[in-house]
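Q: Straight out of TrEMBL:
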DOMAIN    10-62  domain 'Myosin N-terminal SH3-like'
DOMAIN    71-765  domain 'Myosin motor'
BINDING   G165, E166, S167, G168, A169, G170, K171, T172  ATP binding site
REGION    601-636  region 'Disordered'
COMPBIAS  602-615  compositional bias 'Polar residues'
REGION    645-667  region 'Actin-binding'
COILED    893-1027  coiled coil
REGION    1028-1068  region 'Disordered'
COMPBIAS  1038-1052  compositional bias 'Polar residues'
COMPBIAS  1058-1068  compositional bias 'Basic and acidic residues'
COILED    1077-1153  coiled coil
COILED    1258-1310  coiled coil
COILED    1356-1383  coiled coil
DOMAIN    1478-1754  domain 'Dilute'
Amino acid sequence: MGVISEKLYTQFARVWIPDPEEVWKSAELLKDYKPGDKVLLLHLEEGKDLEYRLDPKTKELPHLRNPDILVGENDLTALSYLHEPAVLHNLRVRFIDSKLIYTYCGIVLVAINPYEQLPIYGEDIINAYSGQNMGDMDPHIFAVAEEAYKQMARDERNQSIIVSGESGAGKTVSAKYAMRYFATVSGSASEANVEEKVLASNPIMESIGNAKTTRNDNSSRFGKYIEIGFDKRYRIIGANMRTYLLEKSRVVFQAEEERNYHIFYQLCASANLPEFKMLRLGNANNFHYTKQGGSPVIEGVDDTKEMAHTRQACTLLGISESYQMGIFRILAGILHLGNVAFTSRDSDSCTIPPKHEPLSIFCDLMGVDYEEMCHWLCHRKLATTTETYIKPISKLQATNARDALAKHIYAKLFNWIVDHVNQALHSAVKQHSFIGVLDIYGFETFEINSFEQFCINYANEKLQQQFNMHVFKLEQEEYMKEQIPWTLIDFYDNQPCINLIESKLGILDLLDEECKMPKGTDDTWAQKLYNTHLNKCALFEKPRLSNKAFIIQHFADKVEYQCEGFLEKNKDTVFEEQIKVLKSSKFKMLPELFQDDEKAISPTSATSSGRTPLTRTPAKLTKGRPGQTAKEHKKTVGHQFRNSLHLLMETLNATTPHYVRCIKPNDFKFPFTFDEKRAVQQLRACGVLETIRISAAGFPSRWTYQEFFSRYRVLMKQKDVLSDRKQTCKNVLEKLIADKDKYQFGKTKIFFRAGQVAYLEKLRADKLRAACIRIQKTIRGWLLRKKYLRMRKAAIIVQRYVRGYQARCYAKFLRRTKAATIIQKYWRMYIVHRRYKIKRMATIVLQSYLRGYLARNRYRKNKDYKCLMEKLTNLEGIYTSETEKLRSDLERLQLSEEEAKIATGRVLSLQEEIAKLRKDLEQTQSEKKSIEERADRYKQETEQLVSNLKEENTLLKQEKEALNHLIVEQAKEMTETMEKKLVEETKQLELDLNDERLRYQNLLNEFSRLEERYDDLKEEMTLMVNVPKPGHKRTDSTHSSNESEYTFSSEIAETEDTPLRTEEPSEKKVPLDMSLFLKLQKRVTELEQEKQVMQDELDRKEEQVLRSKAKEEERPQIRGAELEYESLKRQELESENKKLKNELNELRKALSEKSAPEVTAPGAPAYRVLMEQLTSVSEELDVRKEEVLILRSQLVSQKEAIQPKNTMTDSTILLEDVQKMKDKGEIAQAYIGLKETNRSPAMDCHELNEDGELWLVYEGLKQANRLLESQLQSQKRSHENEAEALRGEIQSLKEENNRQQQLLAQNLQLPPEARIEASLQHEITRLTNENLYFEELYADDPKKYQSYRISLYKRMIDLMEQLEKQDKTVRKLKKQLKVFAKKIGELEVGQMENISPGQIIDEPIRPVNIPRKEKDFQGMLEYKKEDEQKLVKNLILELKPRGVAVNLIPGLPAYILFMCVRHADYLNDDQKVRSLLTSTINSIKKVLKKRGDDFETVSFWLSNTCRFLHCLKQYSGEEGFMKHNTSRQNEHCLTNFDLAEYRQVLSDLAIQIYQQLVRVLENILQPMIVSGMLEHETIQGVSGVKPTGLRKRTSSIADEGTYTLDSILRQLNSFHSVMCQHGMDPELIKQVVKQMFYIVGAITLNNLLLRKDMCSWSKGMQIRYNVSQLEEWLRDKNLMNSGAKETLEPLIQAAQLLQVKKKTDDDAEAICSMCSALTTAQIVKVLNLYTPVNEFEERVSVSFIRTIQMRLRDRKDSPQLLMDAKHIFPVTFPFNPSSLALETIQIPASLGLGFISRV
């Protein structure tokens, strides 16, 4: 035990301890281990404590666990501790937690069967792995296939992929996917679709070689080795299949819950088909050979559909329908044979019931005699040395013979099918290399093991030996490559076990010897084995309780074999007489199966288990004596299997092997369920642990120096870091690890022994933990001090406020005390003062009362007398008045008495009346009471009603409000729904439009691809037919041989070199004639339209004639001009008809004489069709001619109706029409047209003279001549006047010029400062004079003067702008002049060296160019028709975009071509227009085909094609395209032709160029994206480098240079600058940038989803930073509105997903809402792949991932995992008119277009 290892067993260290249930269990140390301790205190994960006792003998400590950051690695060799529990745990974590079924183990790919369909095998995944290095992506079967394919191409060495594993582990599926990868990536070299045939062989072989077992529903019961052949270009050309060990015994026997081969059940399920009626099949339970397992149906499998797939595959592989029915007849015969029953007659003989139906059906299907077959099924022939006799056999022997015959027939049929499959896959092309896929059984051990398991395990021993040697060899090569001392590693060599089986006197040798013995039995053979090998070979043992078995110690496990049945299975006996009966069959196919019996009469060449070995070449037919043949017959199954195995090993040793080990995770086929016991058994058996052991014995952990430095930089001090990384790593390691044997320094890597990386990781983690603690300590101290300072500050503030409060309280107390004293003083004063006042008041009152009493007493004495006198006087007066009053009262009393008497009577009457009134009152009151009661009741009822109504009203109001609210809400909802629906419909329509546009553009892409394919095939055919002469190089035609459906071919052969025209095959003429034919058809259509117009015009004119007859006197001269017009029209139609007739005759002549013989020979279909069309066209023209004649006759009749005197009037009408013409140019054109129209043969003139029409024309011409003469004279006079005015102006300008020259001469004599001042003074003087002149001129009109000043200012501004432009032009020209002067100087120096002085003297003086006055150009370019090829060659084919983009205006070629088209349109030459446009389109296609991988070329022609398309639209004359034109540009519109069809063709061409541009930039960007966006650390130090495994170190291709994000940005800048220089439309640039960003985002995200090492928190930060840089680039280029940023949204969300918290339900909800652009599969994949780089990070729990899946289960998105990186957005070309005036465009001389002239 090393010192370092012991240091690792400290407290909290985690270890693995053995466990009977889980195999290995994890535990944690509770205290440090010290040397000498016998017990370890452990804490298990389930919470229990355990005392683990160490083995006293070995004292081995338990295995240490790897750090968490290493768990789940892609490569098991990347683990620091390489042992069984680490491997098992790593596989379990990847399989269960991350749902990853593939893992590397060095050179081995471990594949665990998930028992579930996974979306990881689509074509997008294949494309993602194609071209990638093996360690760059996550483990996958496609990565192994890509590695094999790449090594085959790189090393030119054949490859093999060896797939092994138990039944049900997924071997067949893995082999199938490997072949699918080759078929998809390479493609076939021929049109026979070999790759489809290779894949189609799988359904056939599965149906006849696979069956349901207890472990697997589709178990391969044979081994196969498929060689996929490739040609020199590494495309599939064919394949060959070899099979091994077909399990024939399954044909006649199946165990419980198992099935026979699938094909039998497919036949039974399809028995109701009409073609299968003759087979007389039924349910599978009706046949003995298909019902023994009791499980005839596989859940989820439809045997009827599988039968259809099998038949379809047979058809694809060339097996005819008759042969297929023959196969099915033989298979049905085997089923019926199994139902043949035997009846015992005695113990030694048996018989078959008479007319036994199963046997009868068998004989009918096989075409053999019933009696003969019945006889030999119950008898056998015995041959001795003297005689031959027939012996009956027992029932048991007959049954065995029947089963042997059935097995033999099936084996022969199996071989026949394999042979025919190989024939279908065979290629006549020579095979350059191949990749073999070996799908072979793994190590098997059951409770009862027999001959089959013995052969299987023997084959696995051989394969394991080859595997060990290969692993050992790779290790040795790696060490030698790195120049590390090589020490021999002791690894398990299973050669002794192989010798035990196959050597002389080995098990197989003894078995063959015993088979030759007449009385050999299994028991005697077992005794020979014991005697030969027991106690002599350590690998051979005898069971304790059995004498009929033996044990062999294989590399994987001990296996006990039962000897019973070994001899019989090795012999595999079939009665020869039964075979002879079958050979005599009338069914032709059956004898074919037994043809090889003539060379080897052995019933089968298969092994006991029925697995047939096929050699690479069939054995040659040998002829010899019968004895010789019989001797060959004795070759045993074991012997044949051994020979086939040796041949297989020779093949594998001659190839580079790649290993795939398939693991079966459980025996119950549960998806993603991991049984540790079963897994570890298979890991031991398949050699994975042996690979680990070999790796662990040496230096398994390997780091490059840069990786080591990046990872363990934290363990270094600043002074340890040197500029030399290698020396730095050496110095640090010597300090960290004292034992130098624990590591070795290679050339590029550091090699560590097992456990050292874990030790370094522990040191690193301790250092980081210490740093974290220090950081935490510092931060916590800072936080606590900050908290203390806050608390101290708060305490001081509290104290301050408390003390202030106390002071304020004391001051308040003092104030209150003082206030109380003052109050007391004033209160006491108040009390005393009030008491004083009371006493004083009392004294005063007493005094007043006393003084008043005394005064009253004095006053009362004087007053009594006076009162008595006054009283007496008053009494006398009162008496008098009272007396008088009494007298008056008496009188009144008397009167009152009288009145009282009268009143008494009245009172009585009143009383009566009162009584009556009282009665009425009472009655009234009672009525009032009743009324009031009724009123109260009514009031109450009314109030109740009102209250009810109010309540109802309230309810109604509430209901109304609710309804109004509901209506508003519904209206709002309806509005929102409608708006949403409108938006959705709009979006859907946009999507549909984009889909339709994308579909159309994809069709264009496919069409261009087929077009290129057609061109290539045509070139190949040309090369094959016309072998070029030596020294002669064929020039390609500029005319594309396959144009788009809108492109019209030119009549002129578009070849670059005219002499080559004679060498072109005659078929070149065909498209030219077809063009003529199309033109004629188009012209006929035009004639029909003109005829209809003429007919309408004729009807109208007839009506006018009738009206003119009625008004003849008023308007006698109205028809002359119209008749002349009609005559001109008729002449045009006649000449056009003759022209068309001549062209038709030429076309017929060309077709009959010059067409290609194979196409246009008489009688050929194309010839007949063309001639019929031509005949119909000629008939149509004849009809048109007759109509024209009728029209002419009608015109003549009209002419006769009009008097001759009207001619002059008609001429005047014609004169009026002439005068309406705009200028003399139009008049001249009309005159020329009239002259040309009247040019006709003599016979035509004669006909015209007959009608009197020539005279009319003559008169019209005379009038036109007179008008032209008058126009000419008037123009002459006006020109003379203008010339006089110009002469005067010239004279004044001359005077001004002389004056200026004088001033200039004076200024030149002045110094520079004075010269400038003088020039300024002169200019001021001139301007002042001019202003004064205009002031005087406009003195009377201020408005005119003001407008003059404004125009003057504008003119000054324009002049200043022109001056600036001229300054820039001058500077640019000066630079060019310097360059040209330098070049001319160099040329002159070179020429001067070769020129004598005399020659220099005689050289003439260089003439001076006199500039001409510039013409007024019309924006057209004129060229001769014969110069068209030169134009196309110089302007398109030989034009270099780089020079044009730099020195010329953008889109110049497009402008030149359009100006040429304009001139052809101006001439009304449709042939010239069509020829030029066709040549242009085909030449652009040719350039792009030749230089289609150059971005500048493709961008240049995309820009020019779009500009050409925009010009055709801008000048088409359509109102929609003329809105932004100037009046001058509108004058330049096309006048004669509608080029809408050619606009469509150009649009399609632009789409194709755009798609090609996208492909080019994708090819340029793709190598940069992964490195720049994912791998490169843009933010240094954020990402941690994890230990890498063997795969990363043995990259298939050496690094070609690392790309960074800056590389991508530089490339994007390059693309953008090139497109801008070429003048590409801004909208188109946005679409290109959007496509580029989509490619970047898609490729980055796809690689992220396929690379576990990239899914970490730090990598998410790197990605987000990189994306921000891309967004910054968009902002700099003003492209944020291009939609490019949105294409990066999935990548942004994936980066955010790596960084967000992933624990709680809230986190899950946030993730679901955040990741809207990612699919559910992508989100789950990222979470599964999330890997901590440091131990401080945590993995995502399985429960959290399930929560995410539950929340996203309702989301409807694509199940596809990867984005389609090849997707191209549909492109549009928005109309972008040009402001450039065509007449200002100059043609540079550098283009070589001197033959073109501006018009």
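Backbone N, Cα and C atoms are what each Cβ position is placed from, and that goes for glycine too.
Caution: TrEMBL annotation is automatic and unverified by curators.
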Q: Give the sequence-ordered set of same-chain residues, not counting G165, E166, S167, G168, A169, G170, K171, T172, with Cβ within 8 Å of the centre of the Cβ atoms defining the ATP site.
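A: Filtered neighbour residues, in order: N113, N216, S219, S220, G442, C662, K664.
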Q: What are the non-local neighbours of K171 (ATP binding site), defined as same-chain residues 6+ apart in sequence with CB under 8 A from its CB?
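A: Sequence-distant Cβ neighbours: V163, S164, G165, S220, D439, I440, Y441, G442, C662.
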Q: Tell me the residue counts in helix, strand and coil for the region 'Actin-binding' (645-667), as DSSP assigns them.
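A: The region 'Actin-binding' (645-667) comes out at 9 helix, 8 strand, 6 coil.
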Q: Quick one: DSSP breakdown of the domain 'Myosin N-terminal SH3-like' (10-62) into helix, strand and coil?
A: 0 helix, 24 strand, 29 coil
Q: For the binding-site residues listed here (S167, T172), tell me which residue's CB has the most neighbouring CB atoms inside 10 Å.
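A: The residue with the densest Cβ neighbourhood is T172.
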Q: Restricting to the domain 'Myosin N-terminal SH3-like' (10-62), what is the model's mean pLDDT?
A: 85
Q: Non-local Cβ contacts of G170 (ATP binding site) (under 8 Å, 6 or more apart, same chain)?
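A: Expected: A111, N113, C662, K664.
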Q: What's the number of neighbouring CB atoms sitting within 10 A of the CB on G168 (ATP binding site)?
A: 22
Q: If one looks at the chain holding A169 (ATP binding site), which residues at least 6 apart in sequence have a CB under 8 angstroms from its CB?
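A: Correct list: A111, N113, G442, C662, I663, K664, Q682.
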